[in-house]
Amino acid sequence: MYRRLGEVLLLSRAGPAALGSAAADSAALLGWARGQPSAVPQPGLTPVARRHYSEAATDREDDPNFFKMVEGFFDRGASIVEDKLVEDLKTRENEEQKRNRVRGILRIIKPCNHVLSLSFPIRRDDGSWEVIEGYRAQHSQHRTPCKGGIRYSTDVSVDEVKALASLMTYKCAVVDVPFGGAKAGVKINPKNYTDNELEKITRRFTMELAKKGFIGPGIDVPAPDMSTGEREMSWIADTYASTIGHYDINAHACVTGKPISQGGIHGRISATGRGVFHGIENFINEASYMSILGMTPGLGDKTFVVQGFGNVGLHSMRYLHRFGAKCVGVGESDGSIWNPDGIDPKELEDFKLQHGSILGFPKAKVYEGSILEADCDILIPAASEKQLTKSNAPRVKAKIIAEGANGPTTPEADKIFLERNIMVIPDLYLNAGGVTVSYFEWLKNLNHVSYGRLTFKYERDSNYHLLMSVQESLERKFGKHGGTIPVVPTAEFQDRISGASEKDIVHSGLAYTMERSARQIMRTAMKYNLGLDLRTAAYVNAIEKVFKVYNEAGVTFT
């Protein structure tokens, strides 16, 4: 059974009655039993959640195995949705056969299908030779191509790429992007290499992936991740298109996150951070959730802290700042800064570009202690995995944790946040903006035309004809004795009169995707009485969608 594979431990079988009246009321909010009606939350009550956790994932509570951690979260979702999957099966099997089918497919979904481990030599600029290690994990091919970033870090490991690949599968499913999950890592510190050496490493890694069948527009499509960006993606695209893909007209679709000149798309660089903003916006504007947290809806009076001032942290900060929230703290690996009056993201970005660090920023002071425990409304961990653990979770002061990074919260910390009535907007939803816009870029590369190019002039002419038609109708009705009756477009309409640009289409598509997925998560949380356990609701949605693909496609050669 799939739950035994994850060694699920039911942490508590105690009912609400054993916990006292306050806990009983709050337990009703989170739904102790499937099918139990949830009570209206009473002010001041702290919900207490008890869910299925993976024993394997929590055996090292402050530093759990990352892949087992993801498997544990999967098990929680699977345990809740199993009965519905059995009920929805439209086959002529009996109840036991249907349940066996469901459990069998869930066992298929859970493991990582392929892991490629590579070692290859490069010659450094000083003439010395070095062997570089790299990995590419493909979690699922239920949809192809597989999709996932490439990171450069000395912390890269098989466990990490497997965990991140599995998260990508569920992330794509949550936001309805038709990809399987994958992830790659090269075990280097890019700061220790020249640009020429990094190009050698990137191009050689691309060739090794190509030789093993781990890259291609319809096979496996990498993207930027930690310490990689447009430059590295351009090298990958050029290497693939110049070698194994030289006969493939779609060769540049082998990777996303490219520069515009290489087939990239407007809005990709900021996509993950913009997705974080939209995700927070969708939940913070939902009055029912804010009433549980004791907060007012909207961003206007909210403060936030960002851990990690890279691509995700910077753009999350920019958009939240633009829409009225105040950034009071920013943390990086070399230290943190604090200003209760607010930190301007553009000024901080310029300072870091000039000095290489946020420390010393003149409009903020150094923050002593962990920035994760700073006083704020919204905490955005946008650095690396396993930052919020059993040790520091009790001291977190934020009421909303928005997971900009992948896997920043351990299972034990997640349990503590539920018990403390803290909302966690989960990673597999919140940071899906990057893969969503990567999907748009991939489609652009396959179509060989930018969004909006075919309709710009037609839409502009149509809009002017519409305005002229209105003007002529008014003049026929009221006459011209007082002069013409000009119909002047508003400033907002004037901006859109030529139709949507590529950036407009990308931003609109991303906003719609994040809003629709948020509504799906909210409905699932309500349906299963999950309360603030949005992570489990997101996993339930992902599991249902992936299960449907496997079930309807059939399992070959069984």
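Residue positions begin at 1 at the first shown residue.
Backbone N, Cα and C define each Cβ position, glycine as well.
If you draw a 10 Å sphere around the CB of SER79 (phosphoserine), it holds 20 other CB atoms from the protein chains shown. Look at Swiss-Prot and you will find SER79 (among others) tagged as phosphoserine.
If you look up Swiss-Prot, you'll see LYS84 (among others) marked as N6-acetyllysine. DSSP gives LYS84 (N6-acetyllysine) a helix state.
Summarising the annotation, Swiss-Prot assigns N6-succinyllysine to LYS110 (among others) and lists similarity to another entry as the type of evidence. Under the DSSP three-state reduction, LYS110 (N6-succinyllysine) is assigned to coil, being neither helix nor strand.
If you look up Swiss-Prot, you'll see GLN141, HIS142, ARG143, ASP176, HIS252, LYS444 marked as NAD(+) binding site. Sequence-distant neighbours of LYS444 (NAD(+) binding site): residues of the same chain at least 6 apart with a C-beta under 8 Å from its C-beta are GLY263, ILE265, SER450, TYR451.
According to Swiss-Prot, the feature substrate binding site maps to LYS147, LYS171, SER438. Sequence-distant contacts of LYS147 (substrate binding site), defined by Cβ-Cβ distance under 8 angstroms and a gap of at least six in the same chain, are MET168, CYS172, VAL177, PHE179, GLY180, GLY181, ALA182, ASP220, VAL221, ALA223, VAL435, SER438, TYR439.
Feature annotation from Swiss-Prot assigns N6-acetyllysine to LYS162 (among others). Sequence-distant neighbours of LYS162 (N6-acetyllysine) (same chain, six or more apart, CB under 8 Å from its CB) are PHE66, PHE67, CYS112, VAL115, ALA137, HIS139, LYS183, listed in sequence order.
According to DSSP, LYS162 (N6-acetyllysine) is assigned to a helical segment. Marked as N6-succinyllysine by Swiss-Prot on the basis of similarity to another entry: LYS162 (among others).
Annotated N6-acetyllysine per Swiss-Prot: LYS171 (among others), in sequence order, evidence recorded as similarity to another entry. Applying an 8 A CB threshold to same-chain residues 6+ apart, the list for LYS171 (substrate binding site) reads GLY181, ASP427, LEU428, TYR429, ASN431, ALA432, VAL435, ALA542.
Shown in sequence order, ILE122, ARG123 are the residues of the chain, 6+ apart in sequence, with a C-beta less than 8 angstroms from the C-beta of LYS200 (N6-succinyllysine). Residues or ranges marked as N6-succinyllysine by Swiss-Prot on the basis of similarity to another entry: LYS200 (among others).
Summarising the annotation, Swiss-Prot assigns GTP binding site to HIS266, SER270, TYR319, ARG322. Contacts of HIS266 (GTP binding site) defined by a Cβ separation under 8 A and a same-chain sequence distance of 6+ are given as ILE260, SER501, GLU502, LYS503, VAL506, in order along the sequence.
Counting every protein chain shown, the Cβ of LYS326 (N6-acetyllysine) has 19 other Cβ atoms within 10 Å. In the three-state DSSP classification, LYS326 (N6-acetyllysine) falls within a strand. What Swiss-Prot lists as N6-acetyllysine is LYS326 (among others).
Under the heading N6-succinyllysine, Swiss-Prot lists LYS346 (among others). DSSP assigns LYS346 (N6-succinyllysine) to a helix. Long-range Cβ contacts of LYS346 (N6-succinyllysine) within its own chain (separation 6+, distance under 8 Å): ARG318.
The N6-acetyllysine annotation in Swiss-Prot covers LYS415 (among others). LYS415 (N6-acetyllysine) falls within a helical segment according to DSSP.
In the three-state DSSP assignment, the secondary structure recorded for SER450 (ADP binding site) is coil. Under the heading ADP binding site, Swiss-Prot lists SER450, ARG516.
Taken from Swiss-Prot, the feature N6-acetyllysine covers LYS503 (among others), and the record attributes it to similarity to another entry. According to its DSSP assignment, LYS503 (N6-acetyllysine) is helical.
Annotation source Swiss-Prot lists N6-acetyllysine at LYS548 (among others), citing similarity to another entry. DSSP assigns LYS548 (N6-acetyllysine) to a helical segment in the three-state reduction.
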What Cα-Cα separation, expressed in whole Å, is found between ARG516 (ADP binding site) and TYR319 (GTP binding site)?
20
Which whole-number value in Å describes the distance between the Cα atoms of LYS84 (N6-acetyllysine) and ASP176 (NAD(+) binding site)?
20
If one measures from the C-alpha of SER79 (phosphoserine) to the C-alpha of HIS142 (NAD(+) binding site), what distance in angstrom results, rounded to a whole number?
21
Check the Cα-Cα distances from ARG143 (NAD(+) binding site) to the recorded positions TYR319, LYS326, LYS548 and tell me which is shortest.
LYS548
How many Å lie between the Cα of LYS326 (N6-acetyllysine) and the Cα of TYR319 (GTP binding site)?
11
